[in-house]
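Peer 1: Structure in structure tokens, see below.
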Amino acid sequence: MRISPPEREAKKVKIVIDKDPVSTSFDKWAVPGHFSRTLAKGPKTTTWIWNLHADVHDFDSYTSDLEDVSRKIFSAHFGHLAVVFIWLSGAYFHGARFSNYEAWLSNPTTIKPSAQVVWPIVGQEILNGDVGGGFQGIQITSGLFQMWRASGITTELQLYVTAIGALVMAALMLFAGWFHYHKAAPKLEWFQNAESMMNHHLAGLFGLGSLSWAGHQIHVSLPVNKLLDSGVSPQEIPLPHEFILNKDLIAQLYPSFGQGLTPFFTLNWNEYSDFLTFKGGLNPVTGGLWLSDRAHHHLAIAVLFIVAGHMYRTNWGIGHSMKEMLETHKGPFTGEGHKGLYEIFTNSWHAQLSLNLALFGSLSIIVAHHMYSMPPYPYLATDYATSLCLFTHHVWIGGFLIVGAGAHAAIFMVRDYDPAQNYNNLLDRVLRHRDAIISHLNWVCIFLGFHSFGLYIHNDTMRALGRPQDMFSDAAIQLQPVFAQWVQGVNSAAAGNTAPNALRNASYAFGGDIVSVGEKVAMMPISLGTADFLVHHIHAFTIHVTVLILLKGVLFARNSRLIPDKANLGFRFPCDGPGRGGTCQVSAWDHVFLGLFWMYNSLSVVLFHFSWKMQSDVWGNVTADGAVSHITGNNFAQSSITINGWLRDFLWAQASQVIQSYGSALSAYGLMFLGAHFIWAFSLMFLFSGRGYWQELIESIVWAHNKLKFAPSIQPRALSITQGRAVGVAHYLLGGIATTWSFFHARIISVG
């Protein structure tokens, strides 16, 4: 007798590994380019070293066996994790060995965090600035001190032990990477078992991960932070294991601990509301989110994800099947709906990676916005340098991941997409009306570009002609962001309605009180006006152009009217052969190349907007009578409404600290500012140049070498067009990002 129909049969979990599939051979790996027959022959021309770097991680080019590619990626993930653990270990070791963490912990409002002391070689010790408490070192802006305090670390010994633990984990990861490729490698069906993967990732990674973190926060972080907030010296606070072993210690701080698990099993959960809270707002002592709110949050997340990890059908015939869900997902106008998508995601890792990069990139930018509006860690909000750097960091990371999503979506289209498997499903229908999508996007970009920039040009012209009454500004013709103001109002009015007994709204950015710590503003209501409306439309413009470029690259990756057989030319190609004029720089790779520049444009405006807005309207000092004096004195609303204002009152005015940093502890940023400009300018040499020029130059240099009987055995070649563009964009972004980094650092460390 069958309980479920045959197609609902459970996926039985089997042993799905191969034993000893690949021998461990150092002799093979020692040969440069061992992964490619052509490269393994060694260099004939200088192009060899470029191809070596371009192809070393392109596992698709080694083999078309999906199982082998999957194993290589899986093994590489362990290698990546090992690098992450080594990097973390270094950060913790610096905290343990070279930092003023314990001094900062006892006085976080006046002492600045430092975890690097420069050795006195050729006068570099000038970089060791006075960070307070008699400590000389480089001020750090990673936010690690704040995170360590939040997790309950009170001594540098604890950091030291954690650093050693991270190295042990790194060794374990390296071993796992070798073991799961050479000794016990999973079969393809293991990688393709989407339901089991979802269950384990949701319940295990997110669910149990959050649960264990909630446990740590409740048993270690909460009591330690409560004592620190009360002014108890870090040396007098019991060690973490004492709180866990001695219930009376923690019951003095949180009385419900005295009752043990009785309220849990009698469903009287309200008893635990002394350490699982819904306060909302920020802790007035530290300017960070309430730790008891965060413990509550992680516990709730754990419950949700552990439940979610039981959603998908594996051994027992209950739960969702990914394939069924996707194929049932049809609308009235969407043809076959998502039929064929399951096969795409289980056979193309590029497609899966693309989706994950798009989601994680967006998430990183969302994180950036929450780090200042709802600062999660104690004393983070008043460390303006760290706030600015964390915002900048998460925004750049998000931008790169989103461009990566476009890149891998295009690689999927070129290498993995099978039109026969995708007839009349949503993906096919999007591809068939791609001209409408791209031309509409193009129109939107033109509209936004002319109108957003036009508003600024109007304002510059009116200000130049001495007609302030005719400008778009809060003092003349107002363009108030009414929808954004409505969202702010709804959120500030919602306190108490969004969560049971919540005392404050989620963020003071929406409205409410000024939270100050140590006479500095941690967070306060952010008022929006005409200036924000204008720059917001520049954001809309630059983001839409980035999307246009990336999406055009994906939708036209396989073919176009110009090159119907593009898929045969591959992901990157310079031109469609001789005699086909106008077919250069149209590969999917070239779209990623252009997308990177617009991503950089887009995010530069975002970072400049954030930096200036916060200095003008949020960050500053609070006097005894509650008056706030902001760093740049509210000049954003009137100065940022002209292009000239951005150049004069933001870029030029705020660059004074980095330009005048020579001879001070910030002088490294002055050198970086200069050097990064040079790297950026160097990129232009590759971007504004033709390959022929370089090849011709090389020929004459080779001629001179031959004359002197000094000719190299490896023939010099100019970079290919694609290589030149790659070198150009890499230096453009490195130069641009390092310029921004040094500009922000010198400015905000001086004034923040």
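Just so it is clear, glycine is given a Cβ too, placed from its N, Cα and C backbone atoms.
The transmembrane segment annotation in Swiss-Prot covers 73-96, 159-182, 198-222, 294-312, 349-372, 388-414, 436-458, 533-551, 591-612, 666-688, 726-746, and the record cites sequence analysis as its basis. Per Swiss-Prot, the feature [4Fe-4S] cluster binding site maps to C575, C584; the stated evidence is sequence analysis. Among the features that Swiss-Prot reports, chlorophyll a' binding site is placed at H677. Per Swiss-Prot, the feature chlorophyll a binding site maps to M685, Y693. Residues or ranges marked as phylloquinone binding site by Swiss-Prot on the basis of sequence analysis: W694.
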Peer 1: Let me spell it out: take the transmembrane segment (73-96), skip the flanking residues so only those 6+ beyond its ends count, and list any with a Cβ under 8 Å from a Cβ in it.
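Peer 2: Contacts with the transmembrane segment (73-96): 57, 59, 115-116, 142, 144-145, 148, 156-157, 159-160, 162-164, 166-167, 169-171, 173-174, 176-178, 180-181, 186, 191, 349.
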Peer 1: Mind pulling out the one from 159-182, 198-222, 436-458, 533-551 with the most Cβ pairs under 8 angstroms to the transmembrane segment (388-414)?
Peer 2: 533-551
Peer 1: Taking just the CA atoms, what is the gap between H677 (chlorophyll a' binding site) and W694 (phylloquinone binding site) in Å?
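Peer 2: Here the two Cα atoms are 24 Å apart.
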Peer 1: Using the alpha carbons only, what distance in Å do you get between C584 ([4Fe-4S] cluster binding site) and Y693 (chlorophyll a binding site) once rounded?
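Peer 2: Cα of C584 ([4Fe-4S] cluster binding site) to Cα of Y693 (chlorophyll a binding site) measures 17 Å after rounding.
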Peer 1: Do you know which of the binding-site residues C575, C584, M685 has the most other C-beta atoms within 10 angstroms of its C-beta?
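Peer 2: The most densely surrounded of these binding-site residues is C575.
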Peer 1: Should anything in the same chain at least six residues away from the transmembrane segment (198-222) have a Cβ under 8 Å from its Cβ atoms, list it; otherwise answer none.
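Peer 2: Sequence-distant neighbours of the transmembrane segment (198-222): 150-152, 240, 243-244, 250, 253-254, 275-276, 291-292, 294-295, 298-299, 301-306, 308-312, 314, 322.
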Peer 1: What stretch, picked from 294-312, 436-458, 726-746, has the most CB pairs under 8 A with the transmembrane segment (591-612)?
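Peer 2: Stretch with maximum Cβ contacts: 726-746.
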Peer 1: In whole Å, note down how far the CA of W694 (phylloquinone binding site) lies from the CA of M685 (chlorophyll a binding site).
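Peer 2: Per the Cα atoms, M685 (chlorophyll a binding site) and W694 (phylloquinone binding site) stand 11 Å apart.
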Peer 1: Give me the long-range Cβ neighbours of W694 (phylloquinone binding site): same chain, 6+ apart, Cβ under 8 Å, in sequence order.
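Peer 2: When sequence neighbours closer than 6 are ignored, W694 (phylloquinone binding site) has A718, L719, G724 within Cβ distance under 8 Å.
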Peer 1: What is the interatomic distance between the Cα atoms of Y693 (chlorophyll a binding site) and C575 ([4Fe-4S] cluster binding site), given in whole Å?
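Peer 2: About 18 Å separates the two Cα atoms.
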Peer 1: So, in DSSP terms, is W694 (phylloquinone binding site) helix, strand, or coil?
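Peer 2: Once the DSSP labels are grouped into three classes, W694 (phylloquinone binding site) ends up as helix.
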